[in-house]
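Undergrad: For reference, the structure I am asking about is given below.
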Amino acid sequence: MKNGDNADVKRIMLTSLSAMAAETTTFPIDLLKTRLQLHGVSIKPVSRAASAYSIAFQILRDDGVLGMYKGLSPAIFRHMFYTPIRIVGYEHLRRNFVSDNSASFYSKALIGGISGAIAQVIASPADLIKVRMQADSRAVSQGLQPRYSGLFDAFTKIIRAEGLVGLWKGVAPNVQRAFLVNMGELACYDHAKRFIVNNQICNDNIYAHTLSSIMSGLSATALSCPADVVKTRMMNQASSGESKIRYRNSYDCLVKTVKIEGFRALWKGFIPTWARLGPWQFVFWVSYEKFRHIAGLTSF
């Protein structure tokens, strides 16, 4: 039991370290994704079309290189909780409820979704702050004052204005997205790697990890993008007497987005989301598997 506890502590530390490296590497792409998803939601008229390139140019012009990292601190803070819970939780569920060698993809998808949903409930406040701080740079470009000066300032202002429950605004679409992301990401990575190794396409090494991460990234993006758009818009709107709430709930946001901007709007930010998930998963899984090997732990 003691050895098992030590192994879990190692896994938690290694997942946090790997996630921090992956998040820092790919954060600018996540910022572009958020800004694309918020395009069309503005108090001022905006152009009908936007591209990742045009938004990146605008951020660099208005805020400089550091503007591409607006909201990095809550993103790092979020992954200190979110990633260890979902990864270590997935391994516990896989070990206790299914056989590693014979589990079906559907069983892995279910436990992946459950572990991701639990992790997201806990990490939702940090995710909300990350979205709002990313959206702040967009508000500045429209001549508005940013709402928050930093992580602590955002925490205190949100609690003061919206109460403690305000930190969990958008938690429903957030959990829906996390369920879908981890259903695709964890199950696909796990299943793909075992397929590659068992069929002797390559050994359990960086090549298998890279191929598996690419496939899991595409699967997770396709499944989660609509929920991600809804989550981003729900979390960005502040609840106060000075501003009118655009969306009453997740369903209302979904309907209004499709009605006003079309069905394709649910996949706004798909390319930067995939462009981020691919490198993110590559950095995370390659470093995590390597760290596990160095620490004397078995492969994921």
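Start at 1 and count along the chain as shown; that gives each residue its number.
Each Cβ is built from the backbone N, Cα and C atoms, and glycine gets one as well.
Summarising the annotation, TrEMBL assigns repeat 'Solcar' to 10-96, 103-195, 204-294.
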Undergrad: Summarise the repeat 'Solcar' (103-195) by DSSP state, stating how many residues are helix, strand and coil.
TA: 79 helix, 0 strand, 14 coil
Undergrad: Mind checking how the repeat 'Solcar' (204-294) divides into helix, strand and coil residues in DSSP?
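TA: Computed counts for the repeat 'Solcar' (204-294) are 73 helix, 2 strand, 16 coil.
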Undergrad: Can you work out the mean pLDDT of the predicted model over the repeat 'Solcar' (204-294)?
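TA: In the predicted model, the repeat 'Solcar' (204-294) has a mean pLDDT of 82.
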Undergrad: For the repeat 'Solcar' (10-96), what are the DSSP-based totals of helix, strand and coil residues?
TA: 71 helix, 0 strand, 16 coil
